[in-house]
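Participant: Mind looking over this structure? Questions follow.
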Amino acid sequence: MSDNAQLSGLCDRFRGFYPVVIDVETAGFNAKTDALLEVAAITLKMDEQGWLMPDTTLHFHVEPFEGANLQPEALAFNGIDPSNPLRGAVSEYDALHAIFKMVRKGIKDSGCNRAIMVAHNATFDHSFMMAAAERASLKRNPFHPFVTFDTAALSGLALGQTVLSKACLAAGMEFDGTQAHSALYDTERTAVLFCEIVNRWKRLGGWPLPVPEEA
């Protein structure tokens, strides 16, 4: 086998996908009927040596859409009061329009083709983002409609943990339980965790992949 292929660009690392870390806080588990209340997004970048790191952050409190369910148990869990005017909440359209604009710029600047959502238990966050985009009639959704990177699964493989707080601690990161279930904090921790897993694989020699020598 020859030396590893020198693939250090973000567009090379994930076959043209542009990873964006997302976390949502909601008023329930049903993306079609329960309110999206908070969302944060962090884009990622690579340095010249191919190390992955967080880049740009956006964070919004979100107004419940008209007719949305607000499950008391969910509100008690995340501590959000949707009626609090100090939240400075914006519409689903405004929040996702801004996030999608940031993501599309990142895709273009990095030479990628499409965004891929990175999230902890990603099916949940992906379903709420897709449902909100549909309600807001946002046609230019940059995210893949079903492919995600789930840090719960990746953490189980790389660290032996699937809970976000435990995975962060296993990775040698700090995790403040008093800030958990804030979309901004959870997104920041998830972004650092994902970068650590990707970079750890690189440090261990798993990337770039070896390529066969020419005959």
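Placed from the backbone N, Cα and C atoms, the Cβ positions cover glycine too.
From a predicted model like this one, the values you see are computed outputs, not experimental measurements.
Straight from Swiss-Prot, here's the annotation block:
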DOMAIN    20-194  domain 'Exonuclease'
BINDING   Asp23, Glu25, His181, Asp186  Mg(2+) 2 binding site
BINDING   Asp23  Mg(2+) 1 binding site
SITE      Phe29  site 'Important for substrate binding and specificity'
SITE      Phe77  site 'Important for substrate binding and specificity'
SITE      Phe124  site 'Important for substrate binding and specificity'
SITE      Phe146  site 'Important for substrate binding and specificity'
ACT_SITE  His181  active site, proton donor/acceptor
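Burial and contacts for the listed features, if you can.
Facilitator: Around Asp186 (Mg(2+) 2 binding site), taking its Cβ as the centre, 25 other Cβ atoms fall within 10 Å, counting all chains.
Classification of Asp23 (Mg(2+) 2 binding site) by DSSP places it within a strand.
Its Cβ taken as reference, Phe29 (site 'Important for substrate binding and specificity') is surrounded by 13 other Cβ atoms within 10 Å in the chains shown.
Phe77 (site 'Important for substrate binding and specificity') carries a helical DSSP state (H, G or I). A 10 Å cutoff on Cβ-Cβ distances gives Phe77 (site 'Important for substrate binding and specificity') a total of 13 other Cβ atoms nearby, all chains included.
Here the Cβ of Phe124 (site 'Important for substrate binding and specificity') has 16 other Cβ atoms within 10 Å, regardless of which shown protein chain they belong to.
Under 8 Å, Cβ to Cβ, and six or more positions away along its own chain, Phe146 (site 'Important for substrate binding and specificity') finds His126.
DSSP assigns His181 (Mg(2+) 2 binding site) to coil in the three-state reduction, outside any helix or strand. Cβ neighbour count for His181 (Mg(2+) 2 binding site) (all protein chains, 10 Å cutoff from its Cβ): 15.
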Participant: Within its own chain, what residues at least 6 apart in sequence put their Cβ under 8 Å from the Cβ of Asp23 (Mg(2+) 2 binding site), listed in sequence order?
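Facilitator: Non-local contacts for Asp23 (Mg(2+) 2 binding site): Val39, Ala40, Ala119, His120, Asp125, Ala183, Leu184, Asp186, Thr187, Thr190.
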Participant: Which state, by DSSP, holds Asp186 (Mg(2+) 2 binding site): helix, strand or coil?
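Facilitator: Looking at the DSSP assignment, Asp186 (Mg(2+) 2 binding site) belongs to a helix.
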Participant: I'm trying to understand the geometry here, so how far is the Cα atom of Phe77 (site 'Important for substrate binding and specificity') from the Cα atom of His181 (Mg(2+) 2 binding site), in Å to the nearest whole number?
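Facilitator: Rounded to a whole number, the Cα-Cα distance is 8 Å.
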Participant: Among all the protein chains here, how many other CB atoms are within 10 A of the CB of Glu25 (Mg(2+) 2 binding site)?
Facilitator: 25
Participant: Give me the Cα-Cα distance between Phe124 (site 'Important for substrate binding and specificity') and His181 (Mg(2+) 2 binding site), rounded to a whole Å.
Facilitator: 14
